[in-house]
């Protein structure tokens with residue numbers, strides 16, 4: 001193992017640790033709240049499932065990183081790599097859709113519009129979110145099924161290519177494989193569009209609300225304005241981190257076609273880990289309950305609480 005491999009594993013390990021700590025913290029706080037009250041709000045449920053999916057995703061990415069360093073042959077071919085790709089694809093799409101559902105929930109709860117369609121969705125927000133979560137599960141299964149079909153076509157192509165019988169049938173299968181491979185990236189489009197729609201609706205709603213506050217000579221730092229800003233920050237950060245993640249995913253996926261194959265894959269893996277690890281802290285800071293518990297925990301760790309006293313996280 002060379003210096004580059006060592007640095008790569010250290011960076012991946014650090015990102016993995018931060019991601020597990022943050023997402024684990026989210027799961028712990030929401031799980032503790034549910035254990036005490038036997039109830040969980042819709043937003044807490046979505047955040048908890050988002051954290052769980054990201055913990056699994058981080059474990060998959062870390063496993064993939066170890067394969068790049070210690071077992072390149074297994075990483076580039078074989079059933080193990082296909083299994084990792086299948087679990088990565090399913091968990092990845094599920095995580096993205098959970099983040100999208102969270103943005104839609106914030107939009108429906110915080111934004112204010114008089115359009116009948118928006119009001120219909122707002123009044124039935126719980127039912128809408130349940131159907132969105134079910135749709136997210138189905139679309140994640142669909143993207144995984146598309147990947148499995150891609151693997152089957154790839155196996156057929158390898159078999160035909162091995163016989164060195166490049167016929168019209170081979171060309172058709174190859175074109176079909178390339179088409180499915182390109183269309184596979186379109187599974188990312190729906191959550192991206194929905195997130196953008198939620199973001200712009202919140203922006204328009206905040207603009208209207210701010211103008212009303214100015215007309216009424218009211219402070220612009222009222223609770224509604226702050227709620228708008230928090231939701232916008234969470235959705236916007238998800239959008240930019242998602243674009244970074246998608247770019248990294250393409251680099252990691254198409255690394256075989258780049259000059260420095262292994263280095264390209266390493267860069268892609270490091271960038272890929274940044275999204276599930278980094279966005280968890282933005283979610284924590286954007287949620288009042290999680291932020292309060294996190295601050296109390298930091299105070300306790302820093303020794304700001306008196307010895308023997310208990311903060312909210314321990315009560």
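Just so you know, glycine gets a Cβ as well, placed from its N, Cα and C.
Here Swiss-Prot flags 165 as N-linked glycosylation site. Summarising the annotation, Swiss-Prot assigns topological domain 'Extracellular' to 1-5, 63-93, 149-185, 255-265. The topological domain 'Cytoplasmic' annotation in Swiss-Prot covers 27-41, 115-127, 207-233, 287-315 and rests on sequence analysis. Taken from Swiss-Prot, the feature transmembrane segment covers 6-26, 42-62, 94-114, 128-148, 186-206, 234-254, 266-286, and the record attributes it to sequence analysis.
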Mark yes when the transmembrane segment (266-286) and the transmembrane segment (42-62) have three or more Cβ pairs under 8 Å (sequence separation 6 or more) and no when they do not.
yes
Other parts of the chain folded back onto the topological domain 'Cytoplasmic' (27-41), taken as Cβ under 8 Å at six or more residues beyond its ends:
47-48, 51-52, 55, 289-290, 293, 313
Stretch-averaged pLDDT - the topological domain 'Extracellular' (149-185):
61
Which range wins on Cβ pairs under 8 Å with the transmembrane segment (94-114): 6-26, 128-148, 266-286?
128-148
Against which stretches of its own chain does the transmembrane segment (128-148) lie, if we need a Cβ under 8 Å and a gap of at least six residues from its ends?
42, 46, 49, 85-86, 89-90, 93-94, 97-98, 100-101, 104-105, 108, 121, 180, 183-184, 187, 190
Would you list the DSSP helix, strand and coil counts for the residues of the topological domain 'Cytoplasmic' (27-41)?
11 helix, 0 strand, 4 coil
When the topological domain 'Extracellular' (1-5) is classified with DSSP, how many of its residues are helical, how many are strand and how many are coil?
3 helix, 0 strand, 2 coil
Of the residues in the topological domain 'Cytoplasmic' (115-127), how many are helix, strand and coil by DSSP?
11 helix, 0 strand, 2 coil
Quick test of the contact rule: Cβ under 8 Å, at least six residues beyond the ends. What residues does that give for the topological domain 'Cytoplasmic' (115-127)?
42, 105, 108-109, 201
Cβ under 8 Å to the topological domain 'Extracellular' (1-5), counting only same-chain residues 6 or more beyond its ends: which ones?
69-70, 263, 266
